[in-house]
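> Quick one: the structure is below, questions incoming.
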Amino acid sequence: MTSLTQVKQYGLYVNGEWETTAEKMEVLNKYTQQPAAEISVATKDDVNKAVASAKDALKNTFSPYERYEVLMKAADLLLSRQEEFAEILATEVGKSIRESRGEVERAATTLQISAEEAKRIHGEGVPVESAPGSENRMAFTVKVPVGVVAAITPFNVPINLVCHKLGPALAAGNSVVLKPAEVTPICALKLAELMEEAGLPKGRLQVLTGDGAEIGEWLLENQDVNMFTFTGSPRVGELIRSKAGLRKVSLELGNNSATIVHKDADLEKAASLISQKSFNNAGQVCISVQRIYVHTNIYTAFVNKLKEKTEKLVVGNPMDEQTDIGPMIRLKEAERVEEWVKEAVEEGAKIELGGKRDGAFYLPTILTNVNDDMKVCRQEVFGPAVAIAQYDEIDEVISKVNDSDYGLQAGLFTNDLQFAMKAAREIEVGGLIVNDASAYRVDHMPYGGVKKSGNGKEGPKYAIEEMTEERIIVLNL
């Protein structure tokens, strides 16, 4: 085993060098709640130095093929160290070792996709001669890097979501200043070591650790940052957008994902997928199923089937192979979910399963008899709790799904093609998943939301569009 059993110290990664600072911060093992690592806390000078280094690196040629080679080598190195990274993930996040292995594999895939996309960045010919007075002119567009990209990543998927920002940014020819979540920074720091080994040119990647609010503010103040890409809460996303000015901003924010189970659905399939995709990573995923709308005709049968599937999930030590669900990221988050569930019960909800907390663990919880004004339906739970409500009519359930501040993804189980197409047209989300839960995602698909779920798209091909500028060249011959 190579998991974090001793407190290891990590510095900042700036201009290709590792630097320690006077102030340190502990990273906890989320299962034992004991220190697993110690990280350096960046100062404003460190932030400005990192941005200057990233800007300076842009002066050096980094061809599309070189980007491809570096990213492919990094993916190979990551796969060769899958178990090491998986154990770090299980330690610093608390997700199960099996789920952690899957995340590392997906992160490598994200780097591979980014590498391939680096070779496909191109412009197009523009027929300017069709305009009067433009005879003997030719025009074409090229895609150029936006420049210095500040990437701020969340705690819940700390290797794959880092790769979703780092991979496309580098593939597009940018430099990156990465700020990982302070509670789960180790995978990002280890990834910097790996990128260096893969041959990434000096200065193309900086990793800053420490207080997110402070570092984020300093990055926003620095006008040499050309773009911000952020995954996290709507509150912080709105703050970044308000302070970024005319600079590019891409935001992947919250959601209270809905999944519909229609009367013609395959109940076995629906219950199995929803159980899995409601409680993975203790429900701490932006597209985890939170609201479930079930047709009245099959409501009781579905609730029983979902309880049956969920009861089989094993809660425990993330390092145990049998474990499905580990602790939440912080004790206070488990306490918050506990409070929201208690509040729902006081307002009339019924606990069908779970509803209990043990330290930072919160048992997978199924609530019925809910209404759309309860916090567990209206806000983002970001924990292992789902709320099930009934519906009778298609228009009614579409209206319920849309009655939300969020719009990232939704799920729909049905064999009715007309319903599926109506939902595709009318449900206000960035992605509708038919015959799977809202939490379905593969890493090359476009991923992003509407309303308070953010703007812009992830998925390497689509993120590269966000991270480049289109420039037109006109030749007067």
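Glycine is treated like the rest: Cβ placed from N, Cα and C.
Among the features that Swiss-Prot reports, NAD(+) binding site is placed at GLY232, SER233, LEU253, GLU380. Taken from Swiss-Prot, the feature active site, proton acceptor applies to GLU252, supported by similarity to another entry. Swiss-Prot lists CYS286 with the feature active site, nucleophile.
I would like each feature placed in context: is it buried or exposed, what are its neighbours, and how far apart are things?
The number of other Cβ atoms within 10 Å of the Cβ belonging to LEU253 (NAD(+) binding site), over all protein chains shown, comes to 25.
The DSSP secondary structure for GLU252 (active site, proton acceptor) is strand. Close to GLU252 (active site, proton acceptor) in the fold, though at least 6 residues off in sequence, lie PHE230, THR231, CYS286, LEU408, TYR447, GLY448, GLY449, SER453, GLY454, GLY456, GLU458, each with a CB less than 8 Å from its CB.
CYS286 (active site, nucleophile) falls within neither a helix nor a strand when secondary structure is assigned with DSSP, and so counts as coil.
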> Across the listed NAD(+)-binding residues, GLY232, SER233, LEU253, GLU380, what is the farthest Cα to Cα distance, given in whole Å?
12
> Name them in sequence order: residues not among GLY232, SER233, LEU253, GLU380 whose Cβ is within 8 Å of the mean position of the Cβ atoms defining the NAD(+) site.
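Once GLY232, SER233, LEU253, GLU380 are set aside, the remaining close residues are THR231, PRO234, ARG235, VAL236, GLY237, GLY254, CYS286.
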